[in-house]
């Protein structure tokens with residue numbers, strides 16, 4: 001999709017605050033500082049529209065970005081950040097679970113995993129959760145520019161094995177620095193949302 005218009009419409013913590021215009025939605029999940037904001041910025045061709053932060057755990061709400069009046073990206077709170085209190089982590093979990101299990105507009109989940117490492121228990125739990133609720137998933141291995149391309153296939157194999165990856169889902173190696181994988185991510189989004197466009 002060729003993106004010219006993007007608007008951060010709202011931050012929500014409850015269904016009563018979600019958008020009501022019935023556009024398809026793609027959720028983005030991952031550990032704190034895995035690169036969700038960087039992925040969003042790359043997809044919409046902006047350098048810093050979605051705020052990137054050196055402070056993990058900064059996203060504490062569901063942030064809805066309307067793209068070209070055709071769909072929403074929904075940035076959900078990052079998980080796995082130890083310095084966030086247990087009570088706050090539970091609150092984040094409830095917000096995420098309520099959205100993923102009850103939102104009719106949701107068309108798929110982009111699950112971001114740090115491509116340099118094996119998936120964490122939280123990464124695996126999120127993937128299993130999505131599969132239980134039959135949510136289509138695109139697994140995006142981030143920060144791949146920090147790994148030599150000759151090792152990408154090995155890392156993909158390690159991640160897929162840890163997740164017990166379902167072949168019906170899609171996997172892509174991504175770099176916000178080089179843009180590697182960007183077109184593949186957009187192709188999956190367009191397919192899930194039944195929209196089309198040039199990148």
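Just so it is clear, glycine is given a Cβ too, placed from its N, Cα and C backbone atoms.
Quick look at what Swiss-Prot annotates:
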BINDING   30-37, 57-61, 75-78, 142-145, 174-176  GTP binding site
BINDING   37, 59  Mg(2+) binding site
DOMAIN    22-195  domain 'EngB-type G'
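Cα separation, residue 77 (GTP binding site) to residue 37 (Mg(2+) binding site), rounded: 11 Å.
A distance of 13 Å separates the Cα atom of residue 143 (GTP binding site) from that of residue 37 (Mg(2+) binding site). For the pair residue 61 (GTP binding site) and residue 37 (Mg(2+) binding site), the Cα-Cα distance reads 14 Å.
Cβ packing within 10 Å was compared across the binding-site residues 36, 143, and the lowest neighbour count falls to 143.
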